[in-house]
Amino acid sequence: RWKNWWIRGILTLAMISVFFLIIYLGSFMLMLLVLSIQVKCYHEIITIGYRVYHSYDLPWFRSLSWYFLLCVNYFFYGETVADYFATFVQRREQLQFLIRYHRFISFALYLTGFCMFVLSLVKKHYRLQFYMFAWTHVTLLITVTQSHLVIQNLFEGMIWFLVPISSVICNDITAYIFGFFFGRTPLIKLSPKKTWEGFIGGFFSTVVFGFIFSYFLAQHQYFVCPVEYNSETNRFVTECEPSELFQMKKYSVPALLQAVLGSETVNMYPFQMHSIALSTFASLIGPFGGFFASGFKRAFKIKDFADTIPGHGGIMDRFDCQYLMATFVHVYITSFIRGPNPSKLLKQLLILQPEQQLSVYKTLKSHLVEKGILQPSLRG
């Protein structure tokens, strides 16, 4: 038991160290990390299906699985390029064609794979082939779409990437520690080693960690500014005037806590309040991604997704909760945080044809005149 604890502990510290090194290297390296993890998780799940269903004789199965992965990645990352790199695309004619017809090309690529699957159907393997076709598409849904959301969150600001991911990691570690030393009461049958003591200890530890970690990150532009591509320098930049979420404000302390804190007010960043919501989800709902993975492994009688990391299992074993977290963060941002983005709108206007830009200008001017913001006599 202690040997396993030391192995897990040392490798956890090693992985955290590598993670912080990649953060230091910048946003682009983080995106490559997310893509690498996605590919490895996909490989682990597909390999399980390959072994469980004894799909050794299925024609084209592995080739088609990787082909569909390329198709879906082409679609999602093409959408990202069109959305965030409009100025860069405008300067290169060959990319303009690819972006203009991106969805048609993506559909054509997928349709090619679909036809190849139909042509590969063999009479004695019909049912098994459709099992594996469904297995591939569910795996794509779990890995590719979720990793795409992770990158979307990253573009909103590195803090929206780091706090959720770190909260899940913190919850995983602290729940394991509390369960290891104090665990007595089983939490769920799917994971016999999980205990209520670990679950509750992990919750409070994660909320405190997220609150404090957010305080330090919110002080630096590198973490709070949206990640944007500078076409002049051909690099990602994180420079901006921090939004209100990352500007210190004074808050009134509830009466029940005034005696504890010894003050009626407290200064903090508004984002720290949001970090409580993120940490709460990471510690209360996030573990259900792990429980789901445990149920999946029990259904197919396997201990781990793979043996990539000693003491931890496969990459998917470490990131089963992260994918659920990524979806929540994306929904949270779009529901409660994101507002109109003048910078992104301006980029889209700049790639229009001159006559289209002029039409937009005239419409906007007419609207401002009607609202009394501009004088009718104003020329421009």
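Glycine is no exception: its Cβ is also placed from the backbone N, Cα and C atoms.
The annotation transmembrane segment is assigned in TrEMBL to 6-37, 58-77, 97-119, 131-151, 157-183, 195-218, 271-293.
A contact links the transmembrane segment (131-151) to the transmembrane segment (6-37), because at least 3 Cβ pairs that are 6 or more residues apart lie under 8 A. Tertiary neighbourhood of the transmembrane segment (157-183): same-chain residues 5, 8, 12, 16, 23, 27, 30, 150, 193-203, 205-206, 209-210, 213-214, 217-218, 222-227, 238, 246, 271, 275, 278-279, 282-283, 286-287, 290, 321-322, 325-326, 328-329, 333, selected by CB-CB distance under 8 Å and a gap of 6+ residues from either end.
Among the listed stretches 6-37, 58-77, 271-293, the one sharing the most Cβ pairs under 8 Å with the transmembrane segment (195-218) is 271-293. Here the transmembrane segment (6-37) has Cβ contacts under 8 Å with residues 73, 147, 150-151, 154, 158, 161-162, 169, 173, 176, 227, 235-236, 238, 309-312, 315, 318-319 of the same chain, all six or more residues outside its ends. Tertiary neighbourhood of the transmembrane segment (271-293): same-chain residues 159, 163-164, 167-168, 170-172, 175, 188, 190-191, 194, 199, 202-203, 206-207, 209-211, 213-215, 218, 224, 245-246, 305, 316-317, 320-325, 328-329, 332, 336-337, selected by CB-CB distance under 8 Å and a gap of 6+ residues from either end.
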